[in-house]
Each structure stands twice: as structure tokens, then as C-alpha cells.
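Database features (Swiss-Prot):
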- 1-22: signal peptide (SIGNAL)
- 31-74: domain 'P-type' (DOMAIN)
- Cys33-Cys59: disulfide bond (DISULFID)
- Cys43-Cys58: disulfide bond (DISULFID)
- Cys53-Cys70: disulfide bond (DISULFID)
Amino acid sequence: METRAFWTTLLLVLVAGSSCKAQEFVGLSPSQCMVPANVRVDCGYPTVTSEQCNNRGCCFDSSIPNVPWCFKPLQETECTF
């Protein structure tokens, strides 16, 4: 019974995750792609898909019109002491 609950939960998570295609951050941390719309640096071209954008190492977010949807991520900084 526990196995069935596990697979049901996994299926729900996968379905919920795949239903939201506005933001894609494959291989990047979500914090790297939290770039304000007014400072996004274009990383694609007008008809770029989220997959093509991610293959370039860039973030994809089509939820805001009239700004680059494929844009360069923020650089993560390392703390040095």
C-alpha cells in the first residue's frame, strides 16, 4: 500500500510540475532566474523555445509580455572568508 501511495504522489508532482510551462530553469537554481524584467539581458531570439533557451544555459520565463523571455541568469556568488 505504501508503494502505491508513493507512486500516486510522484505522479501528482510530475503532472503539477509539467503543467506550468511559463518558467523554465533547467540546470539553474530558481534564484539565478529571479531577474527583474527591466534588467533582463536577452539570451535568445524572438521564436526561441524554452528548451533551446535552456540549452544555451539561460532562463526562460514567458509570463511577462514585451520583455525578453530567454535571458541570462544571475551569477551565483560564493562566500569567501
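Here the Cβ of each residue, glycine as well, is placed from N, Cα and C on the backbone.
According to DSSP, Cys58 (disulfide bond) sits in a coil region rather than a helix or strand.
Cys33 (disulfide bond) is 8 Å away from Cys58 (disulfide bond) when you measure Cα to Cα. Local packing around the Cβ, expressed as the count of other Cβ atoms within 10 angstroms, is greatest for Cys59 among the disulfide-bonded residues Cys33, Cys43, Cys59, Cys70.
When Cα-Cα distances from Cys33 (disulfide bond) are compared across the disulfide-bonded residues Cys43, Cys53, Cys70, the shortest belongs to Cys70. According to DSSP, Cys43 (disulfide bond) is assigned to coil rather than to any helix or strand. If you draw a 10 Å sphere around the CB of Cys58 (disulfide bond), it holds 27 other CB atoms from the protein chains shown. Applying DSSP to the domain 'P-type' (31-74) sorts its residues as follows: 12 helix, 6 strand, 26 coil.
Note on proximity: among Cys53, Cys59, Cys70, the disulfide-bonded residues of the record, the Cα nearest Cys43 (disulfide bond) is that of Cys70.
Other C-beta atoms found within 10 angstroms of the C-beta of Cys53 (disulfide bond) number 23, with every protein chain shown included.
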